[in-house]
Amino acid sequence: MSSVADAPAGGRDLCLTGLRKEYPNGFVAVQSLDLEIPRGSFFALLGPSGCGKTTTLRMVAGLETVTAGSITIGDQDITHEKPYRRPVNTVFQNYALFPHLSISENVAFGMRRRGVKDVKGPVADILELTELTEQANKRPAQLSGGQQQRVALARALINRPEVLLLDEPLGALDLKLRRAMQLELKRIQTEVGLTFVHVTHDQEEAMTMADTIAVMNAGVIEQLGSPTELYENPATTFVANFLGQSNLIGGSVVGVEGGADGQVKVDMEGTVVSIPVERAHTANTVGTKGWVGVRPEKVLIAPAGEPIDAPGNHMTGAVIVDSSFIGVSTQYVVRMPWGREMLAFEQNTGARGVLAPGTKVDVSWRPEFAFLLDSSQDIDAGLGEA
Amino acid sequence: MVALTPETDPTPDAVAGGPRQRRKLTGYWLILPTAVWLGLFFVVPFYSLLATSLFDPDGSVLTGYDVTYHFANFGHALSEYWQPMVRSLWYAALATAFCLVLGYVLAYAIAFRAGRWKNLMLVLVVAPFFTSFLIRTLSWKLILGDNGWVVDALQTVHILGSDNRLLATPIAVVAGLTYNFLPFMVLPLYASLEKIDGRLIEAASDLYASPSRAFFKVTWPLSLPGVVGGTLLTFIPATGDFINASLLGSPNQRMVGNVIQDLFTTTGDYARAGALSVILMLIILVLVLFYIRKAGTEELL
Ligand SMILES: Nc1ncnc2c1ncn2[C@@H]1O[C@H](COP(=O)(O)OP(=O)(O)OP(=O)(O)O)[C@@H](O)[C@H]1O
Ligand SMILES: [Mg+2]
């Protein structure tokens, strides 16, 4: 248990290099993962069901053998370390509480195995933190789902591991408790300063809690970055569709103006729109095909002929085909002159009433909000999976 | 014993008749067959055994027997046959211990390591039952015989002296008991090991428990219902067994079952045989109750 004892208090970075998992039946659940998770960060692994999130966590915990690649914490290679020697604890997707032990004994399990004599104080503290003091002497079977989940959390947290792996720890909670626990988790993480690797398929959860999100799909990381980065500048169609909604329109590059911070000019169904170079995830040579993307809330519309407060990409001849008023905003479906539909969300500022279907409108968006994606990617990737 | 309680209603309800009333009666109808069966084949024989144990010891087949409440039968039986009685308990305890060790390893292997061979291995555990108990014990007599290969081999490596034997020793009797009752240990152990969620073991190892710690802190406590069931199913019949001692042992290894059999069939001393049977039953009952208390299985089962 040396690795547990000598771990420096502040923790170290967790590094996954070329990590791959092929199950004995030949199925490759994780392709080749490269991740660097700085110590003390709240890292979220986000992806649809079956994309390999649990498999990745299990490899880090040592519960699944690694087919290729390595896992290191600081400069310590733990790729082949026994699970009970790793400075890592897991909150399991299915809790895995010990049915024959009381709640307090469940929570004390890790400390006892490490030979800590006086467990009473820490156990009482952590039960207090997770609001389980009253349940201390009950058995897991006597608790509600949410309470069991908190026991699983307490049981792992009490050990103050360098890395805490959370496998959809809030999955079984109702919305209200879920929101409360999200805040609580985030607070605990900031307080204790541990590295949290949080697995979820709930994009909202990932965005509210994490410093960094890795979007995973079919065993590969699609994109890595802060929640705003991922949302504002998605690099693949999967991320564009899985994280929020996007309008994607086919086009081809007609030229580049300026240098590194210049604009890529794209001919989109007859209209030339510009996209900042750092938001164009394509080759940018003339003739390259791509998907022009823009988030629905960035799309502005106005009745035909009225001015729109957005310099740049401007299109006329669109018709509203559907409008739904949902209180804070109105969601419009707009048919563009070339036949495809676009989404536009308009804040309900009260400046204008809801435009009725059939109204002819002009459409516009600021160039700095558009992004350009590789046309070889499936335009529908990630749809309906969130 | 079969514990069938009729469905009891938590809310005492004044509504008479109606479906509720009928539901209550259904419970009693359902236990009726069991109750009749138990009455015929447990209560009646038990009563006759008790009566026999209180017979006048001077009775005989010719003069007939009377229930004279001759409690001295118990004292006599015990003072005369305490040795086979203690020996029975001791042999049964030894056999149970060996069964537990062998059976646990086997059941563990079948439950966690057998993979697709699981069903085949379970069939193999039960397979000996396809031949008679008697035949199997007789074959052990051959295997452990003085000219058998086991004795030969042990003599060659000087574990046994050249004129020592296995047959007619406590070793043979305990080995026979262990062999014959092993399936009764394996099956309940397997049933409770099989139910253990492998993810609990993973959780234990994630929480710093080495494989051996994980075994003693998680697997073993969760398999206790099987341990208790298996030891009871082995110990109780092994204590009363007489076939192993009579086929593999000598008069020096006589167990209480042999004594009772002799008293009933050869000597015709029904009173003492009955008294000895009742004593054996009481001892086992007390031991079992004490054991279950100690193991705290009410919570586990
Ligand atoms: N033991 C196994 N043998 C073969 N394939 C497996 C095994 N375990 C998982 N898989 C497959 O690997 C893929 C990834 O599984 P994993 O459990 O990592 O998904 P996940 O991202 O955690 O999904 P979820 O959000 O539903 O929990 C799935 O397609 C699954 O079918
Ligand atoms: Mg999972």
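Here the Cβ of each residue, glycine as well, is placed from N, Cα and C on the backbone.
Because TrEMBL annotations are produced automatically, they should be read as predictions rather than curated entries.
If you look up TrEMBL, you'll see B:85-291 marked as domain 'ABC transmembrane type-1'.
Residues or ranges marked as transmembrane segment in TrEMBL: B:28-50 (among others).
Among the features that TrEMBL reports, transmembrane segment is placed at B:89-112 (among others).
Same-chain residues lying 6 or more positions outside the transmembrane segment (B:119-139) and placing a CB less than 8 Å from one of its CB atoms are 106, 109-110, 176, 179-180, 182-183, 186-187, 190, 243-244, 247-248. As annotated by TrEMBL, transmembrane segment applies to B:119-139 (among others).
The annotation transmembrane segment is assigned in TrEMBL to B:171-193 (among others).
Summarising the annotation, TrEMBL assigns transmembrane segment to B:214-236 (among others).
Feature annotation from TrEMBL assigns transmembrane segment to B:273-292 (among others).
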Among the ranges B:28-50, B:214-236, B:273-292, the one whose Cβ pairs under 8 Å to the transmembrane segment (B:89-112) are most numerous: B:214-236
Same-chain residues near the transmembrane segment (B:273-292), Cβ under 8 Å, at least 6 residues beyond its ends: 49-55, 73-74, 76-78, 81, 85, 88-89, 228, 231-232, 235-236, 239-240, 256, 259-260, 263-264, 267, 298
